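Noted in Swiss-Prot for the protein shown:
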- 19, 20, 21, 22, 23, 24, 25, 26: ATP binding site (BINDING)
- 21, 22, 23, 24, 25, 26: substrate binding site (BINDING)
- 49-52: region 'Interaction with substrate tRNA' (REGION)
- 115: site 'Interaction with substrate tRNA' (SITE)
- 137: site 'Interaction with substrate tRNA' (SITE)
């Protein structure tokens, strides 16, 4: 039997398990939920991975199976159809609902995932940027990248220094914001709204295992996905003829398997490129989670740890 909402005090608890793909987050989340259950506390796992939100990517997103869930409630897994793009703001809105539901029933919400933007949006909120003028957006998107960069250097020098020269999408975004609103993107982002970080008692854990071990696991996982039907999953996606710019079509493994299905590359090339794409993604996530979260968030580099020690605050409610 879980606790009642009154038992939480002023700030109800939220557990957070984050880190790169293939780092073992899902397993730790379930272990934590079961450990809490032994202490008389219910828990629910809430997905914070931008690929696992899509119903079309059960295999390629490594969504936990029923056996892996071990009877623990899991929410926001496979909730979006691939024809829709799930933005960070949309995910955060749904996550807030699931967190509130869990707290209302006395359960501990356990956020688990590797999408830093999702987590940051949920905890810190989003900048209330007004809609961008359509004519301004169209004009900026039509600019060659070198002209867009030159304009950004003049109109938002800080953004120009911060963004990579080849990052056309973010360059255009920064430029359209300053031209449409008269304020820079960084200025807007200093006034975020809607975050829950100051309203909950956060119990975070960052999974940062040995990189060599992580990359080897990425390689094994991609091959396992193929054994579990990833090619059929991509074949079904291709048959839907979705917009190639949609997130579901840009998910790790989709492009590589699609190229193989179309006869553009052979199977060994597909496996090698899929594994490389997975490792590259894990590397970017690893770097982000090592440096971006607050320094006082625990970082774990080995699985040889006691949940009750890392999440001691959760077991004291």
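Here, residue 1 is simply the first one shown, and the rest follow in order.
Including glycine, each Cβ sits where the backbone N, Cα and C put it.
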Distance from residue 137 (site 'Interaction with substrate tRNA') back to residue 20 (ATP binding site), taken between C-alpha atoms, in Å: 33
Residues from the same chain, set at least six apart from the ends of the region 'Interaction with substrate tRNA' (49-52), whose C-beta lies under 8 A from its own: 60-63, 77-78, 86, 91, 112-115, 117-118, 247, 251-252
Secondary structure of residue 137 (site 'Interaction with substrate tRNA') (DSSP, helix/strand/coil): helix
Per-residue pLDDT averaged over the region 'Interaction with substrate tRNA' (49-52), given as an integer: 98
Rounded to the nearest Å - Cα separation of residue 137 (site 'Interaction with substrate tRNA') and residue 23 (ATP binding site): 39
Packing count at residue 22 (ATP binding site) (other Cβ atoms within 10 Å of its Cβ): 25
Local Cβ density at residue 137 (site 'Interaction with substrate tRNA') - other Cβ atoms counted within 10 Å: 18
